[in-house]
Amino acid sequence: METKLVLALIACGVICLLQTTPTEATGKHVQQLMKVFRAIDFDFTKKAFYLHRAKYGVQNQLRNPLYLKAMSLPRSAKLSQPCLKKMIDEVNDLESTFYAGFSFNCHDHDQYSMDCLEAAEPTYLDGLKKLAASTEQCLVQK
């Protein structure tokens, strides 16, 4: 009876070990991505509610999907720095377009109003989703 219990515990330990092995390198990849996302330069002189929405969009539409992808990468994988730099440039372009739609390019509502922000936000979020999908394709250096 005791032998069966020991064998069951050993089998359980081996199964747990096999499940954790592929994720050994995830910390490294996620930390590299964190450094890249910290390089996004938001202008803190802009209105606080605009900045909150812009950061929230980057976090949910871009950063979280890429973190999930990075966590599933093997240890031998290397992140493509040119791809990540291109992503940062495109994020800055999307953010500039979002701000323009919120401020001087808003013709249907008062400039800098919540109505302008809500009108410009779907385009910004869709752009971030598309950027996340394209970045996932080139994330790993070949």
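Each residue, glycine too, has its Cβ placed from N, Cα and C.
Taken from Swiss-Prot, the feature signal peptide applies to 1-25, supported by sequence analysis.
With a cut-off of 8 Å between CB atoms and residues at least 6 apart in sequence, the same chain places Ser80, Cys83, Lys86 near Cys138 (disulfide bond), listed in sequence order. When secondary structure is read from DSSP and collapsed to three states, Cys138 (disulfide bond) falls in the helix class. According to Swiss-Prot, the disulfide bond annotation covers Cys83-Cys138 (among others).
Feature annotation from Swiss-Prot assigns disulfide bond to Cys106-Cys116 (among others). Other Cβ atoms within 10 Å of the Cβ of Cys106 (disulfide bond), summed over all protein chains shown, number 18. Reduced to three states, the DSSP call for Cys106 (disulfide bond) is coil.
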Among the disulfide-bonded residues listed here, Cys83, Cys116, whose Cβ has the fewest other Cβ atoms inside 10 Å? Cys83
